There are 2 protein chains.
Amino acid sequence: MSNQQIWFERISSLLEEEDDKQIKEELLALEPADIEEVISQFDSFKEQRTVFRLTEDTEKRAELLSLLEDDLKIKLAENADPKNVARLIEEMASDDAADFLADLENDTLIKEILTHLEDEVRQDITKLLSFDEESGGGIMTSELCAFPDNLTVKDVLNSLQPETLKDPVMYIYVIDSVSKHFQGAISLIDLINANPDEKVGEIAEPSSIWASLDEDREKIAAKFRKYNLWVMPVLDHRNQIVGRITVDDILDISIDEADEDIAIMTGTSEVVSHDANLMEAIRLRLPWLVVTLLLALTNAFVIGHFLKSLDKFIVLAAFPTVIAAMGGNTGMQAATVFIRELALEKILPEEFNSLILRETLSGLLMGIVCGLIAAVIAYIGIPLLYADGNSLDPFILAKIIFFSVCFGMTTASLIGTLIPIMLRKGGLDPAVAAGPFVTTMNDILSSFIYFLIATTLLKVFL
Amino acid sequence: MSNQQIWFERISSLLEEEDDKQIKEELLALEPADIEEVISQFDSFKEQRTVFRLTEDTEKRAELLSLLEDDLKIKLAENADPKNVARLIEEMASDDAADFLADLENDTLIKEILTHLEDEVRQDITKLLSFDEESGGGIMTSELCAFPDNLTVKDVLNSLQPETLKDPVMYIYVIDSVSKHFQGAISLIDLINANPDEKVGEIAEPSSIWASLDEDREKIAAKFRKYNLWVMPVLDHRNQIVGRITVDDILDISIDEADEDIAIMTGTSEVVSHDANLMEAIRLRLPWLVVTLLLALTNAFVIGHFLKSLDKFIVLAAFPTVIAAMGGNTGMQAATVFIRELALEKILPEEFNSLILRETLSGLLMGIVCGLIAAVIAYIGIPLLYADGNSLDPFILAKIIFFSVCFGMTTASLIGTLIPIMLRKGGLDPAVAAGPFVTTMNDILSSFIYFLIATTLLKVFL
């Protein structure tokens with residue numbers, strides 16, 4: 001049994017006994033993320049709220065609140081005194097506080113809570129809420145330690161106040177005492193080791209790596225990974241430091257982006273979580289399936305159309321699935337290179353042409369190998385299946401299959417590279433190229449290729 | 001033009017002019033990760049080595065070395081004096097040093113370099129090399145600040161030496177002065193603010209979150225995400241702290257795991273990087289394609305077999321691709337829920353049954369909708385396509401299509417949930433379930449379902 005399950009069962013039975021004192025004890029030993037998992041296992045709001053209320057220590061309760069599922073956050077906030085909600089928000093890091101309010105999705109309630117916040121906190125949060133969620137401003141926190149360059153190390157060490165900072169601190173930032181321009185950073189460990197009487201402006205390391213308020217969060221995440229950063233300052237257009245982005249948020253963003261890619265590739269507009277309900281899962285999936293269905297039916301009509309004129313050679317009807325499967329997989333492989341590496345900002349535009357060439361060549365070479373294998377198997381297998389006499393010469397069939405597999409895989413590779421690049425240029429997510437829409441379009445194309453080759457070769461040979 | 005491209009062209013032309021002094025200047029302004037990108041754009045080893053050598057500052061050159069592509073690392077190490085390589089390794093964080101040596105893949109060379117290392121560094125690295133790469137021991141670094149609990153805050157502040165620590169420091173760790181057991185951590189900012197005469201043992205926060213040496217790295221990454229950590233201590237079986245894991249490595253691991261899932265889902269055994277060469281790309285992809293091909297051919301023979309006895313009704317041959325596409329996509333959607341959430345350690349075994357039920361029900365309901373759409377379109381469309389008289393009653397065809405789409409999608413959903421769970425229980429990566437192997441197996445199953453339903457309904461109605 002998992003830890004979560006043990007905690008859940010223990011707290012469940014304590015809830016039945018209404019032993020609030022013991023529940024408080026139990027919760028004291030758990031981290032907020034663990035309490036969130038316990039709460040998510042209860043079905044009734046009453047029990048969920050009781051566990052939330054019995055979580056002592058305002059700071060811990062604030063962190064728990066920011067971790068809860070959106071619908072539970074909303075219910076709790078709607079059923080609580082806005083003053084109390086405001087007290088908890090004041091304990092959150094400003095980015096979590098802004099995210100929390102945004103998640104409530106209820107403008108009246110948000111305004112009500114905002115009025116009960118301390119002025120400074122309210123200003124911070126209102127500012128953060130005004131930024132695009134996907135930008136540097138949208139993912140930064142405004143708490144940071146910035147000091148004028150003319151202070152001494154000793155002054156700074158004496159004025160650091162940990163209680164005002166809700167995220168971990170590794171660096172203090174140094175700004176120009178007059179212009180307030182950002183100058184650089186000093187790690188705490190270097191600060192501790194510095195000469196106490198030295199001016200911080202003299203020991204700050206000038207940093208060329210920072211984010212701007214409107215920088216795309218994927219680009220920021222790529223910089224974190226490239227330079228192995230833990231924290232990054234955010235500067236506004238006047239070159240003043242206005243916040244910092246922390247690596248824990250970047251970790252979440254990176255996982256979310258990967259999940260989003262996978263969701264798109266497998267045909268759901270968002271990730272379907274394991275705890276989504278049935279209707280939610282269907283709502284996210286069905287639209288994509290219906291589009292796929294319409295395209296697949298188009299393919300069926302293409303096949304049907306060609307078969308009408310080729311009905312002497314019914315054996316031909318067995319192979320469209322082979323061409324489609326091979327084209328689909330090759331195209332997917334080619335697309336994947338672009339999807340992830342474009343997302344991770346690893347490919348430079350200068351490299352596009354050589355990559356398109358490599359992929360097309362790879363498709364052609366693999367197409368020759370697979371085409372030969374398929375042709376040989378069909379040449380040997382089809383006479384065995386149609387032992388009672390098959391109206392199509394197995395050698396011609398083998399040729400049709402060889403050329404369509406080979407040509408189909410080459411075309412699919414080319415398309416698999418071109419579509420992600422075009423999507424990217426059009427500002428769309430390249431992952432769409434590996435999704436069901438493009439895959440099924442490829443199926444239609446492969447049916448055309450197959451039957452055109454079949455019709456041509458049959459005209460030549462018969 | 002990207003920054004990388006500008007730097008590359010500038011350094012390129014300086015190399016032609018053999019202006020080493022100016023190159024050194026240029027490199028001084030770049031971060032090691034930027035220099036790595038410039039180097040990777042040169043084709044000749046001579047140029048790559050020159051840029052590497054002109055990177056001044058041993059620390060920077062050490063970081064650059066650890067960032068280079070594996071084959072370039074190997075070439076540089078093989079062409080350099082092992083003593084010089086040893087000097088650079090001594091500048092690396094111990095985990096990077098161990099990774100670097102492991103990447104060389106040349107035991108003689110590794111031993112040679114090891115003999116030139118300082119004793120302490122050699123012992124550290126040899127120990128790290130002995131751990132499984134996928135475990136806590138394999139991803140930790142051994143540099144950390146641990147102090148006995150009976151020291152005072154002042155003592156500790158005076159003995160912190162930043163130069164011995166290559167990764168950022170946020171916490172000092174406190175150990176029992178007698179048993180050496182791990183006691184807890186103090187953040188640097190709390191240390192700065194503490195009473196200088198207090199014992200560190202009294203202010204250390206006991207932490208319940210740590211990794212063990214043999215803990216799986218995916219489990220460790222899940223803890224980092226769950227608890228929003230930046231660094232985690234690693235304890236051995238005697239409860240002594242032996243290292244720490246830093247969040248930059250966890251970020252890389254999380255991205256790698258996601259990429260691996262995507263690679264498996266799209267049918268390559270590893271991620272094909274955009275800078276892999278043609279043969280490398282083919283080597284990673286072709287085996288999967290050949291397996292897919294053999295399965296697709298099996299499907300063709302299944303279809304061929306049934307068509308033999310149904311050749312009066314050639315229109316039936318147009319629809320296997322529809323059933324396969326719908327089954328494939330539904331199965332993929334169901335599998336995706338499990339693949340990522342099993343990987344991210346989000347689903348508890350207790351939840352399996354209700355999830356299987358939800359997915360199967362979702363497949364059935366969506367199957368009814370899609371089946372109806374397909375049946376109506378076939379009912380209207382087929383008589384138009386076969387206007388010259390079609391030997392199969394469109395109403396019977398519509399029924400065949402409805403039941404096969406519906407039944408095919410339900411079965412695919414069920415299989416899509418069962419296979420990842422079975423793979424996980426067997427210790428395999430659940431992502432295989434969305435890969436070409438399982439998808440093509442599903443195609444064969446859907447052909448069977450389709451023709452069995454067709455044969456049955458035709459027997460009943462004709």
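Using the three backbone atoms N, Cα and C, a Cβ is placed for every residue, glycine included.
Here the structure is a predicted model, which means the values were calculated and not measured.
These features come from TrEMBL:
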| type | residues | note |
| --- | --- | --- |
| DOMAIN | A:140-203 | domain 'CBS' |
| DOMAIN | A:204-260 | domain 'CBS' |
| TRANSMEM | A:286-307 | transmembrane segment |
| TRANSMEM | A:313-339 | transmembrane segment |
| TRANSMEM | A:360-380 | transmembrane segment |
| TRANSMEM | A:400-423 | transmembrane segment |
Q) Same chain, outside the transmembrane segment (A:286-307) by at least 6, Cβ under 8 Å from its Cβ: which residues? A) 267-269, 314, 316-317, 320, 324, 435-437, 440-441, 443-444, 447-448, 451, 454-455
Q: Grab the same-chain neighbours of the transmembrane segment (A:360-380) for me: Cβ-Cβ under 8 Å, and only residues 6 or more beyond its ends, written as numbers and ranges.
A: 319, 322, 326, 330, 334, 394-395, 397-399, 401-414, 417
Q: Determine how many residues of the domain 'CBS' (A:204-260) DSSP places in helix, in strand and in coil.
A: 25 helix, 15 strand, 17 coil
Q) Taking the domain 'CBS' (A:140-203) alone, what is its mean pLDDT? A) 89
Q: List the helix, strand and coil residue totals of the domain 'CBS' (A:140-203) as derived from DSSP.
A: 20 helix, 17 strand, 27 coil
